[in-house]
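Annotated features, as they stand in TrEMBL:
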TRANSMEM  35-55  transmembrane segment
TRANSMEM  75-94  transmembrane segment
BINDING   H91  heme binding site
TRANSMEM  115-135  transmembrane segment
Amino acid sequence: MENKKSCVGKIVKKQRPVNLDLRTINQPISAIASILHRISGVITFIAVGILLWLLGMSLSSQEGFQHASEIMTGFFAKFILWGILTALGYHICGGIRHVLMDFGLLEESLAAGKASAKVAIVIAVILSILAGVLVW
Ligand code: HEM
């Protein structure tokens, strides 16, 4: 039976934000930098397996090296490698930003957080372009 005396649920519902659709909320640059750091960390984690598999194949024998070289000539493989390097580049930029903040070397303000997020993203884009030049 419903407890008619309790109005807790109704009050909480009224106070809650109406829109929780992440696609329509305008995210600040620091939030974008943060989620990109997590995504790039996960991609880098998966990449360790792919790169170790490729390294293992290339070191197994002369034929293995030839096979690994052939795999890396394909557009899809190059695209994956470029993606891995881009993710790693961003993760390192974002990681250095985090370390600087943790050591108190960056000012603890909203403006500094936004500015450092922008700098990390711009450097990562430059590194991504350089990675593309390296891969192709
Ligand atoms: C094989 C290499 C690496 C892998 C697989 C990796 C993966 C990850 C993952 C999955 C996270 C968790 C992200 C989250 O939960 O939001 C993380 C966090 C972090 N990574 Fe990496 N990472 C690697 C290399 C690096 C490097 C080279 C740096 C330094 C420049 C770095 C700095 C950080 C920092 C500072 C955090 C914590 C960020 C926070 O406090 O939110 N990582 N990493």
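Glycine residues also receive a Cβ, built from the backbone N, Cα and C atoms like all the rest.
Annotations in TrEMBL come from automatic prediction, not curation.
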Exercise. May I ask you to report the DSSP-based helix, strand or coil state of H91 (heme binding site)?
Key: helix
Exercise. Would you kindly list the residues that approach the transmembrane segment (35-55) from elsewhere in its chain, counting only those six or more residues past its ends and only Cβ-Cβ distances under 8 Å?
Key: 27, 68, 71-72, 80, 83-84, 87-88, 90-91, 94-95, 98, 121
Quiz item: Relative to the Cβ position of H91 (heme binding site), how many further Cβ atoms are located within 10 Å?
Solution: 22
